[in-house]
Amino acid sequence: MPVNSTAVSLASVTYISVEILIGLCAIVGNVLVIWVVKLNPSLQTTTFYFIVSLALADIAVGVLVMPLAIVISLGVTIHFYSCLLMTCLLMIFTHASIMSLLAIAVDRYLRVKLTVRYRRVTTQRRIWLALGLCWLVSFLVGLTPMFGWNMKLSSADKNLTFLPCQFRSVMRMDYMVYFSFFTWILIPLVVMCAIYFDIFYVIRNRLSQNFSGSKETGAFYGREFKTAKSLSLVLFLFALSWLPLSIINCIIYFNGEVPQIVLYLGILLSHANSMMNPIVYAYKIKKFKETYLLILKACVICQPSKSMDPSIEQTSE
């Protein structure tokens, strides 16, 4: 069937080309995010530590996940556990992203609920513990199939060693649906939506009360409202990018097959999320836009880059 063969080949080439483009954009964009935070002291706050963690996860998607996804799409014959490790790495950085988003949401919640005690609660030690916990959970969830929850145990051929490396050849779909999606993606997404709903509710109440006309307090909650809007947009884009692929996995598990082109589109959309956040920061956070321009001058116009003056307007923590 030469027509079908050509169609599949064309779909694969298109998929690989788009993956490479997305990967490059994700790497460049998120390296810029980290560079911006390094250059701008007003962005070196608790929330932006978690944003840097999210950027690192997105860089890993560009550097590791997308090349591995391309190898898996080609079905290269390798050892079972090498293939399984590759697919587990795909899972680790997905969960690192959602854990970082959850940490950001909790941080903003503490900021508006504990306005006076916030700095005492969010100590440097606790920030590093939270970051470590995010990544520890991500590795444990992502590497769970390596400890037995994989296709080798459910395969009729227990001596299976080498095989064409494809996602469903090694990864069990009940792990993907019940453990990865329902437990570690869907539940955190619902929790984060509830957190942001409460943040907006608290800010709206405080602004309507106006605190006896205190301009300083009004300005604080105004900044918090803008920050919460920007970060909730990041969360919305994550959900928009990852839910389609998760739903496709549910369809495969409960109902059978989906067209290969639909699967490719779901994968590409999920990976595209890694290049979206730097764009959101540039458009929604003034300090990011200013520092992006500073870097552009340094790189394109050959002016030396330097840290921005910490005395300039501070981003709310």
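We count from 1, first residue shown onward.
Any Cβ shown, glycine's included, is placed from N, Cα and C.
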With reference to Swiss-Prot, specify which of the listed residues CYS83, CYS88, CYS134 is paired with CYS165 by a disulfide. CYS83
Going by the topological domains annotated in Swiss-Prot, do PHE225 and LYS287 sit on the same side of the membrane? yes
For the transmembrane segment (127-148), out of 85-106, 177-197, 231-254, most C-beta pairs under 8 A are with 85-106
Are there any residues in the same chain, six or more apart in sequence, whose C-beta is under 8 angstroms from the C-beta of CYS165 (disulfide bond), and if so which? VAL71, ILE72, GLY75, VAL76, THR77, ILE78, SER82, CYS83, MET86
The correct three-state DSSP answer for CYS83 (disulfide bond) is helix
Among 85-106, 177-197, 261-283, the most Cβ pairs under 8 Å with the transmembrane segment (15-37) come from 261-283
Please spell out the DSSP helix, strand and coil residue counts for the topological domain 'Cytoplasmic' (107-126). 14 helix, 0 strand, 6 coil
